[in-house]
Structure formats: structure tokens, C-alpha cells
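Per TrEMBL, the features are:
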- 20-40: transmembrane segment (TRANSMEM)
- 62-568: domain 'Neutral/alkaline non-lysosomal ceramidase N-terminal' (DOMAIN)
- His152, His261, Glu499, Tyr539: Zn(2+) binding site (BINDING)
- Ser312: active site, nucleophile (ACT_SITE)
Amino acid sequence: MARGKTVCCDLSTLEVTLMVLFVVMTAVSVGLISVMAVHWEDRLQEPEPTVSPTAGLHENPYLIGVGRADCTGPPGDVPLMGYANVEQTAAGIHTRLFSRAFIVDNGSKRVVFVTADIGMVSQRLRLEVLKELEVKYGNLYRQDNVILSGTHTHSGLGGYFQYTLFMITSKGYIKPSIKAIVNGIVKSIDIAHRNIKPGRIYMSKGELEESNLNRSPHSYLNNPAEERNKYKSNTDKQVTLLKFTDLDGDGMGMLSWFAVHAVSMNYTNQMVSSDNMGYASYLLEQEKNIGFLPGEGPFVAAFASSNLGDASPNIRGPFCANTGLPCDYLNSSCPIGGLKMCVALGPAGSDMFNNTKIIGENIFKRAKDLYGKARQEVRGPLHAAHQWVNMTDVTVQLNSTHTGRTCKPALGHSFAAGTTDGGGDLNFTQGAVEGDPFWDGIRDALLGAPSNETQDCHRPKPILFSTGEMTWPLPWHPSIVDVQMITIGPVAIVAIPGEMTTMSGRRIREAVKQELEAQGTFSNAEVVVAGLCNIYTHYITTYEEYQIQRYEGASTIYGPHTLSAYIQKFRGLAKAIAEGKEQELPKGPEPPFFKDSQLFSLLPAAAVDKKPINTTFGEVLEQVDPEYTVGDVASVTFVAGNPRHSGDMRDKTFVTVEKYHNSTAYWDVVHTDASWETRFHWVKNGAESNATIEWHIPLSAQAGSYRIRHFGHYKQRKGFLETVILAYEGVSDVFRVSKITYNY
């Protein structure tokens with residue numbers, strides 16, 4: 001999937017250099033970010049203004065809209081965003097990705113929260129979404145009242161960043177990838193906007209056990225004992241849930257937050273997947289939207305990220321894969337094989353599909369229970385506050401006599417070690433507080449040495465990449481960052497521009513709650529930490545955790561006082577909201593929006609598709625069996641084209657499983673590639689490729705006759721220079737599915 005414009009049409013010196021950097025950076029930092037649509041016909045006729053409460057709304061003056069839309073990009077060749085594994089490029093679909101939007105209006109103000117099945121929201125993505133919203137709605141949806149959050153699945157597509165580091169590690173700016181996400185997010189807001197109606201909101205809270213584990217307990221233990229003693233666990237177990245209903249009490253949707261990394265699908269996976277949080281959404285939406293296919297139906301269930309920075313779903317913990325013994329506690333490495341052998345396992349061991357299923361089911365079941373018990377009605381005014389902040393130069397008041405400051409961005413040596421959820425390949429380890437002459441020498445030769453000022457600012461971090469001092473061909477990391485908060489009655493949603501560790505999130509919640517309640521405007525404020533919002537700035541640890549310099553501390557890019565700076569800024573937003581003065585907040589310095597011509601792509605255009613001699617695209621190469629029993633896996637392989645040639649496949653499918661109805665002689669679609677039960681594997685062999693479709697037949701499947709169909713497109717040459725893209729489809733033989741029979 002080539003982007004619309006490249007820097008130039010020839011293989012320039014810039015492109016060659018960037019390719020070299022891509023190889024080097026990937027090798028050094030394979031653990032990078034390791035825990036790192038609207039169609040024109042859908043356009044509304046006119047933007048609708050914020051409306052006054054209608055008759056019958058006097059009991060609760062909220063207008064509520066919910067919406068969901070597909071945001072899956074092309075599932076072929078595009079790097080998956082999260083593990084930065086050079087081998088981990090998209091090759092099919094496990095589950096589709098969706099954006100879920102919630103609009104709340106009280107007649108005078110409106111706020112929007114969106115959570116999308118992507119790794120994180122980038123600054124570029126947010127700016128493009130807001131530009132689209134401005135074209136459609138004027139100033140109704142703005143920087144201050146729209147929060148965009150990512151679920152942090154590591155099996156979503158990359159290519160939607162505008163800063164050099166992220167572009168290098170995801171093969172640049174990939175236009176079809178970012179457009180699918182932008183269009184999906186905008187469409188989810190469109191749907192919520194169209195469906196807005198009077199309703200009520202209820203809140204519920206509870207704890208969820210055996211679904212997250214602290215992957216850096218040594219760092220956590222460096223926090224003050226008196227602070228740690230206030231909490232039962234070194235990860236947040238709390239689930240906070242908002243239930244949305246109409247005035248008749250019928251459910252419209254649900255929005256919840258829980259702190260866990262969406263990395264149950266591990267770094268060997270190559271299928272697009274919404275991971276554990278997406279599976280929780282899938283289960284609840286399928287239960288509520290009876291008779292609808294996945295991604296369809298009116299009820300919207302969203303499971304959003306929180307302070308998940310050190311929270312892993314791999315609850316069996318890290319062990320040495322070659323010996324079965326526990327990894328070294330301090331640096332998560334093994335005596336033989338180093339950090340690559342230290343791997344954390346989920347509840348089902350090495351089976352990532354079952355790990356995803358178990359963690360997703362745990363989250364779903366707890367949310368379903370809390371949804372049913374939600375009785376505390378949310379009432380009160382709406383507020384929205386936003387500022388841009390230059391995070392490279394914030395002075396922090398540490399106490400009455402001392403100040404600190406934030407730094408230009410930099411990544412430490414332990415950043416390249418990755419985590420127990422996905423470690424690096426080279427001889428880096430977590431907990432490094434000294435540099436390495438070998439790697440420092442390579443860095444100095446390729447990228448330049450960090451300045452003394454930056455080194456001093458980041459201590460005790462040994463700097464591997466001084467990204468804040470690297471500006472070619474574009475800045476490597478952002479300087480201007482969003483800080484944002486919205487309140488719905490007593491519920492305050494704090495939009496965190498990165499991954500906060502457990503204790504960092506607790507400190508933010510406490511500080512914001514204290515500030516909101518200090519003015520007497522709020523009582524019993526409920527503060528929600530929403531993660532991966534608006535812009536990605538890696539991690540945010542406490543000052544004490546930063547000293548240990550495990551992966552999270554090494555990836556806290558603005559230095560040891562990063563959290564203190566955010567607490568200071570979010571306190572300012574909370575105070576402005578409590579005093580009703582959010583409109584008086586200084587706007588701050590606006591971030592850059594680089595032209596497409598300034599961005600680059602390292603992903604070449606997809607080649608012309610070829611096929612085996614005497615075959616056609618869509619032809620079956622390996623046929624299904626004639627009969628299966630529920631619990632079996634039906635599989636069929638087709639001659640296929642590159643999925644990138646299918647263009648925008650949102651709201652479409654590469655796969656259907658269909659059941660024959662004798663009474664109507666009609667084939668009914670029972671599953672698509674959005675279904676948990678299907679897996680679409682795309683396998684490339686040079687210019688030829690195959691599509692293997694698996695149907696994991698559920699125990700609930702009805703007995704009868706079925707078939708599997710595959711849809712796609714292929715590119716062929718037409719003349720000497722011209723190419724054309726053509727559609728194809730293939731269909732398996734009809735096969736029978738029977739229920740399990742028991743002989744007594």
C-alpha cells in the first residue's frame with residue numbers, strides 16, 4: 001500500500017538513507033513501543049447545532065448519541081503498530097477494527113469521547129480527524145470537546161504518524177492506512193450525531209482480578225512505601241463503567257475503562273486484530289445486538305484503555321523459554337539467551353488466541369455485571385478544557401524551595417530492550433543506568449551524540465537516541481502536546497497523551513479529584529484516566545520509577561519530571577473547570593501539520609499479482625472437507641490477490657461463511673471477517689499469493705449445509721505501462737456441519 005505521494009519519484013539519497021536508518025533502528029529497537037470514512041454519500045445535509053432539551057427530558061437534561069464504524073485499513077504488507085518487529089506486517093484479518101463514539105449534550109455544551117481499535121492516537125491522526133469534522137460541522141466538534149483514545153491493540157495497522165521515529169518504524173506515512181482510520185472515526189461520530197436523543201447515564205465501578213499483572217514490579221517498589229500501602233495491588237484492578245440508556249431505560253451503549261495492555265496477541269501474530277479489549281466489545285455487542293452481524297446493530301460497547309503502562313495481560317508472568325525458570329527479577333533476562341528468552345505468558349500459556357479469549361471474556365463478564373448493576377445516575381453540567389503545551393520546557397514546582405524542568409525528548413538504552421511482552425533482539429537489558437560504548441559509538445556515527453544539556457536533564461537515563469535534537473528530515477518526536485479533560489456531571493475524563501504506569505495514573509486521579517473538589521463546585525468527583533489519547537508520547541512513569549530505568553522509565557521521553565509536569569497541567573485544567581473559567585485558559589503553541597510532500601514512505605507500491613499456470617483468481621487450491629462437526633475447523637485455500645489492491649474495504653468483507661436454507665433456497669451470511677470464528681490468512685510467495693480461510697465452527701452452529709466465500713481484487717498489466725485492478729471472488733464446495741452425537 002503505497003502512500004499517495006512520495007518525497008520524489010527516484011530512489012534519492014534521502015530515501016536510501018532512511019531505508020538504512022529503518023533497518024538499523026528496527027534491529028536496535030525491535031521492542032519499540034512494545035507495549036508501543038466517511039464516504040461522500042454519507043455526508044449530512046447540514047451541521048446540526050447543539051439543541052435544547054426536548055419535551056420529556058426534564059428528568060435528565062442529556063442528549064446522547066452512540067456510533068460505531070469500521071476503521072480497518074488494508075490488511076496486507078502494512079506494518080502492525082506496537083512491537084516494531086520488522087517481520088510483523090499485516091497478512092490477513094483475525095477480527096476487524098472499529099471506532100466507537102459517544103456524544104453527550106446538555107443543551108448548551110457538548111462533549112465527545114471516541115475509542116478506536118488502534119495502537120494509539122497520533123497527533124497527525126487527531127489533526128486530520130478534526131479537519132474533517134470542521135468541514136462537516138463547523139465549530140461544533142473541536143480540540144477542546146473531542147477526545148480520541150486508542151485501545152492499544154498491537155495488531156492494528158501503522159503508518160499514521162508524522163514524526164520521523166514513528167515513520168521509520170512503521171515504514172513511513174501510509175495514506176490508505178491513515179485514511180481508513182480517519183474516515184472510520186469521523187463516521188462513528190457521524191452516526192452518533194445522527195442518532196442523538198434524550199437519555200440517561202449511570203455509573204458503576206468494580207474490581208477485576210486475574211486479568212492484569214505488573215511487568216515492572218521492581219520499578220513499582222521504588223515508589224514510597226506509605227503511598228504503596230494505600231493500595232492492595234501493584235496494578236489497578238478497577239473497572240469504571242458508564243451505561244447509556246434512552247428515557248425508557250433501553251440500553252444504547254456502554255463505555256468502560258480498565259488498565260491492561262492489549263498484547264494478548266503476541267509479536268508473532270500477523271493478522272489484524274482488536275485483541276482482548278476488542279473481543280470484550282465483540283462479546284457484549286453480539287449479546288445486545290441479536291440477529292446482527294459483528295459491527296452492526298444499534299448497541300455500542302466500548303472498552304477503553306487506562307493507566308496500562310506497566311499492566312500486562314500475560315498474568316502467568318515471565319519465564320525463560322529455554323529452561324522454564326523465572327527470569328532475572330531486576331533486568332528480565334535469562335542466563336542463556338538473554339532478554340529474548342524472557343517471555344511473559346498469558347493464562348493459556350503460548351496460545352495467543354486463547355489468551356485473548358480468556359482476558360477478553362474476563363473483561364466482558366465484569367462489565368456485563370457492572371452494566372446490569374448500574375444505578376448511580378450521572379447528573380450535572382458538562383465541561384471541556386484543552387491546552388497545547390510545549391513539554392520540552394515546563395518548569396515544575398517540586399516543593400517550596402525546589403523546581404525541576406522537563407527535557408527535550410530522548411530514549412534510554414533500556415528502551416531497546418523491550419519488555420517481557422516483546423523483547424529486543426540485541427544485548428540491551430532493562431534497568432540500564434549506564435551507556436554502552438559499542439552502541440553509543442554507532443549512535444554517534446549515525447545520528448550524533450546527545451548534548452551535555454540533554455544528558456544532564458535526563459539523568460540517570462543513559463541516552464540511546466536524543467530524539468529531541470534530531471530534526472532530519474522532520475522532528476523525530478513531538479514537542480507540542482495536548483492536555484485535555486472533559487467532565488460529565490461528577491465524572492472527569494482525563495485524556496492522557498501516552499501510557500501512564502499504575503502509580504502515575506493514581507497520582508493523576510488524586511490530584512485532579514483534589515483540585516475539582518477544592519472549589520466546592522464538585523463533590524465526590526470520579527476521575528477516569530483515559531490512555532493513549534490525542535498524541536503519542538510513549539510512557540509516563542513516576543519520578544521514583546524513572547530512577548530504575550526499566551523499559552517504561554527509559555521510554556519516558558521528557559525526563560524524570562514528566563509526570564509532575566502533567567500533574568501541574570491537569571491541575572490547571574481541573575481548576576479552570578471547577579471555577580467555570582475553561583474558556584480563559586491560554587490556548588498554547590499549536591503543533592505542526594506537515595504537508596504530505598514533507599512526509600515519506602518506505603513501503604513500495606504493491607506489485608502486479610501473478611497466479612499459478614492454468615488457474616484463475618478465486619480458484620480453490622485446497623478444498624474443504626465434505627463434513628465437519630461443531631468444534632472442528634473448516635479450511636479452504638484460494639488463489640488470491642494482494643489485499644492492498646482492494647482499496648477501502650471498510651464495511652465490506654474478504655470472507656463470508658454462509659448457510660443454506662432449504663425452505664427459501666437462500667444462502668444466509670452467518671459470519672464475516674469481523675467474526676471471532678473466522679480467520680483470513682493472506683500468504684505471499686513472491687508475486688503470487690494465497691488466501692486461506694478458516695472457520696472455527698462454534699458449538700452453537702446449527703446443523704446444515706454451508707459454504708465459504710472469499711472476495712478480493714488483483715492487479716494486472718494492461719499494455720506496457722498501464723495497470724488495471726479487477727475484482728474476483730471464490731467459493732468453496734458445499735459442506736455439511738453436524739452436531740456432536742453421543743452413543744450410550
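Heads up, the Cβ atoms here are built off N, Cα and C, so glycines get one too.
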Rounded to the nearest angstrom, how far is the Cα of Ser312 (active site, nucleophile) from the Cα of Glu499 (Zn(2+) binding site)? 12
Distance from Ser312 (active site, nucleophile) back to Tyr539 (Zn(2+) binding site), taken between C-alpha atoms, in Å: 14
Mean of the pLDDT scores, which run from 0 to 100, over the domain 'Neutral/alkaline non-lysosomal ceramidase N-terminal' (62-568): 96
Rounded to a whole number of Å, the separation of the Cα atoms of the residue listed as 'active site, nucleophile' and His261 (Zn(2+) binding site) comes to 5
